[in-house]
Amino acid sequence: MYASREDIGYDFGDDSKVGSKPVKPNPDIDGGWAWMIVLSSFLVHILIMGSQMALGILNMEWLEEFNQSRGLTAWVSSLSMGITLIVGPFIGLFISMCGCRKTAIIGGILNALGWILSAYASNVHYLFLTFGVTAGVGSGMVYLPAVVMVGQYFQKRRALAQGLSTTGTGFGAFLMTALLKYLCTEFGWRNAMFIQGAVSLNLCVCGALMRPLSPKDIVSEKYVVRSNSEVNQAKALSRSAETIKSNGVLSEEPEKKEEATNEEMLDSVQHIEMGGKSRSGRNMYGLRILKTVSQLTVTVRKGFAIWYSSYFGAASLFTNRVFVAFIIWALFAYSSFVIPFIHLPEIVKQYNLSSQNNIFPLTSIIAVVHIFGKVILGIISDLPCISTWNVFLMANFTLVTCILTLPLMQTYISLAVVCALIGFSSGYFSLMPVVTEDLVGTKHLANAYGIIICANGISALLGPPFAGWIYDITHKYDFSFYISGLLYMVGIIFLLTQPCIQKKQPREKSMEEAQV
């Protein structure tokens with residue numbers, strides 16, 4: 001589905017045959033089933049990211065139940081959030097081998113299992129394994145396919161589609177906080193986690209909605225993109241994201257030989273099966289198992305080869321200079337968004353603003369405006385005259401400015417204004433998959449975005465403890481914002497040193513155009 005060279009959107013064979021026959025555009029691209037994919041991704045963000053935003057409710061219950069330190073208990077939710085993102089590169093391997101739909105369904109089962117097993121926890125360390133690791137890995141196996149599928153189904157309105165789907169995080173933060181608070185009050189935290197595990201099984205339904213594009217759909221996409229520009233067609237025919245001999249990429253011959261070997265293996269198994277029709281049913285059953293194992297082996301080998309070449313091969317993603325700068329930015333960016341959620345309540349208390357904050361919390365202002373920011377920035381980015389890259393950079397500049405100026409605000413009104421700007425500018429999260437796809441193309445989106453969210457996961461995992469360590473040394477929250485803001489600025493500077501990504505490129509832009 002996704003690993004095929006045809007997914008690039010160009011035919012590298014005989015152009016005369018394809019170009020001479022117009023193919024009707026696939027109605028599922030930018031419409032039709034594509035909106036079901038958006039709905040599926042929206043529900044995934046509610047059930048995964050929304051639940052993680054509401055873990056503060058369970059964190060209080062764990063503190064009371066296990067009588068452990070706040071730092072040790074906080075690692076449970078930090079592990080779950082961090083591992084969800086950090087496992088991204090490895091989830092890309094699963095997607096290469098078995099596709100987004102199967103990966104998401106397996107992840108939904110694993111996530112639900114983590115919640116249910118956590119209901120029987122006897123100590124915090126037990127939660128590290130069941131909730132932090134098991135549920136975290138399951139969340140990652142659903143989250144990445146949800147983002148990738150939206151990128152595959154949308155061309156013209158990618159930013160808007162990603163914006164709509166990721167608003168599920170904001171809605172989920174409200175819904176899941178209310179749900180967990182009610183369940184903990186009525187049934188206790190253990191039963192609440194058990195019920196939440198049952199609710200998480202709906203992730204399997206979301207995964208089932210992720211219908212892969214058929215080969216016919218891919219052919220339709222090829223002609224749609226081809227008709228946009230003959231110049232792009234000529235460029236695409238002269239290079240292949242798979243095999244660029246001038247850049248030292250391996251020839252296609254080994255791949256063809258490997259495919260021939262795999263076909264011979266399957267043919268031999270089929271021949272044995274046909275010749276053994278007269279044998280007993282037991283022998284035939286064994287041959288069918290052998291055939292299934294052989295097919296599975298071929299699929300795993302192909303998927304692993306694609307995954308390995310994306311990270312370590314001659315056409316590695318890391319040879320893309322702009323993409324490497326994007327990774328460096330991601331290492332510093334996410335913590336700057338998380339830190340305000342952690343320290344704002346203490347800042348409010350320090351300035352004696354608790355009465356006003358209780359009416360409408362500043363963190364709620366960030367969450368509400370964040371929803372609108374994702375949609376509005378997505379709409380702006382999809383305008384023909386606007387560059388998604390420039391919108392992305394402007395939103396980052398606004399956010400880092402707010403992070404640096406927030407400690408200077410000492411009234412509720414000023415803090416509310418800055419928090420609203422933080423919520424709106426952080427809507428650039430919906431543009432991250434779009435920018436990544438513009439950098440590496442649809443074919444490499446899963447592996448590339450897996451690396452980006454892995455860097456975000458490291459930032460989310462280490463950022464808050466680092467901010468707490470700064471407070472222990474300085475006894476001021478101001479320095480946490482200043483240092484994280486400066487590190488964030490370093491990441492933005494790395495992006496500014498790279499060339500601007502052009503608007504409205506072909507569906508698959510060759511990676512080699514941005515390589516060193």
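Even glycines carry a Cβ here, placed using N, Cα and C.
Nobody curates TrEMBL annotations by hand; they come from automatic prediction.
Per TrEMBL, domain 'Major facilitator superfamily (MFS) profile' is recorded for 37-503. Marked as transmembrane segment by TrEMBL: 33-55, 75-96, 103-121, 127-148, 160-180, 192-210, 322-344, 359-377, 389-406, 412-435, 447-467, 479-501.
For the transmembrane segment (160-180), same-chain residues at least 6 beyond its ends with a Cβ under 8 Å from one of its own Cβ atoms are 34, 38, 41-51, 53-54, 56-58, 146-147, 150-151, 153-154, 192, 196, 199, 367-368, 370-371, 374-379, 381-382, 427, 429-431, 433-434. Most Cβ pairs within less than 8 Å of the transmembrane segment (33-55), among stretches 127-148, 192-210, 359-377, 412-435, belong to 192-210. Comparing 75-96, 103-121, 127-148, 192-210, 322-344 for CB pairs under 8 angstroms to the transmembrane segment (479-501), the maximum falls on 322-344.
Remote same-chain residues near the transmembrane segment (127-148) are listed as 2, 40-41, 44-45, 48-49, 52, 62, 75-76, 78-88, 91-92, 94-95, 100-101, 103-104, 106-115, 117-118, 121, 162, 165, 203, 206-207, 210, 433, 445-446, 449-450, 453 (criterion: CB distance under 8 Å, separation of at least six residues from the stretch ends).
Counted over residue pairs 6 or more apart, the CB atoms of the transmembrane segment (447-467) and the transmembrane segment (103-121) come under 8 Å in fewer than three pairs, which marks the two as apart. Between the transmembrane segment (192-210) and the transmembrane segment (322-344), the number of CB pairs under 8 angstroms, six or more residues apart, is fewer than three, so the stretches are not in contact. Looking at the domain 'Major facilitator superfamily (MFS) profile' (37-503) alone, the prediction's average pLDDT is 77. Remote same-chain partners of the transmembrane segment (412-435), defined as residues 6 or more beyond its termini with a Cβ less than 8 Å from a stretch Cβ, comprise 147-148, 150-151, 158-159, 162-163, 165-167, 326, 337, 340, 344, 347-348, 353, 356-357, 360, 362-363, 365-370, 372-378, 381, 388-389, 391-392, 395-396, 398-399, 402-403, 405-406, 445, 449, 452, 501.
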